[in-house]
């Protein structure tokens, strides 16, 4: 959930070509109104890795159907259905939404997680702005944050009339205007810049919303770890453009009676450089929501009972559970962290096998630090039994003696970098059982592979 790098995104307005023409649509309504149902197809993609076009990116995908029902003028009920998750460790093109079929679907998601995602949520929606959100009492922070990310796509200040200084109107183009406003979004309470372009022929408007992270009164706390930063990068890392989020809307109707046909969010954030050669770790998010049905209700979304009220800003209780698990090793905290995949052991084993191949071929220097960072991230959520399985795989790999020694030393480095009570305990146990101190010298010899990876 703590990702992203800065690029100029306002120029890419959402065009009609973004629609998936293969999806059947049934749009009978021209505006949001009480007693009707609206369904959107939501696609989300998060990629993280080195900002180099040809290097593999760790990519996660989510796809879900968003059902919305207006119970009265300002109250909306929402439910997610047919939610799917998928991952990939081999894709390189992360700047556009990739087909879900290109990924390995998480086909054994815990039933409890499925039930949590399907729990309804209610929110007040007035003039395009999201007010109070009401979750089911049994819902969990990670599930609530996914729903917040969807609701965040619907927020557009439809009634704002104040024109932003510098807005222009060209005779050869459609009428446009711009304005600023302070809003609570998923990423904090910040100033946002709206740019609106009217298409009088199609009776549609294109809205672009950009978050100014340099003017925020509140932002979710991001856990900071001490990481060496190259001197030349320090000024850049403090710059406000290290974070960039832009949303593009296609809207029809009037301020009092409008309908959102599609929304696209593009968000990038930059993390500390891995080396002094300006190799920065970046994360890039694309969320897209497209209207596929607007008409009469098919089934009633249940009312939220025993509710707990909240707001749109990201909830960090999940991170608290991660910290408690790291400090105590008590699995009750691990169970509060969503386990997107049951094959964590297999995932780490594949990455170690890939790294062994890269070392053998002399290609590991560029990507090794990033691969280690991904291994560390997964190992932070591994229990003792899972770590033992990974250790056996590392120990039993059939490589040359030199490569095997390097892989074993990298494994112990990842245990130390993960820094949880469980990984540190295994690190100490294995060191104590070692017949010599050769392992320690090997660890130091492999420092370039793991330097600066604890920023993930």
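Positions of Cβ are set from backbone N, Cα and C atoms, glycine also.
TrEMBL labels come from automatic prediction, so no person has curated them.
Per TrEMBL, the features are as follows:
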type	residues	note
DISULFID	190-216	disulfide bond
DOMAIN	32-456	domain 'Vitellogenin'
SIGNAL	1-15	signal peptide
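Sequence-distant neighbours of residue 190 (disulfide bond) (same chain, six or more apart, CB under 8 Å from its CB) are 182, 183, 211, 212, 213, 215, 216, 217, 219, listed in sequence order.
Per-residue pLDDT, averaged over the domain 'Vitellogenin' (32-456), rounds to 80. In this structure, residue 216 (disulfide bond) is part of a beta strand by DSSP. The number of other CB atoms found within 10 A of the CB of residue 216 (disulfide bond), across every protein chain shown, is 17.
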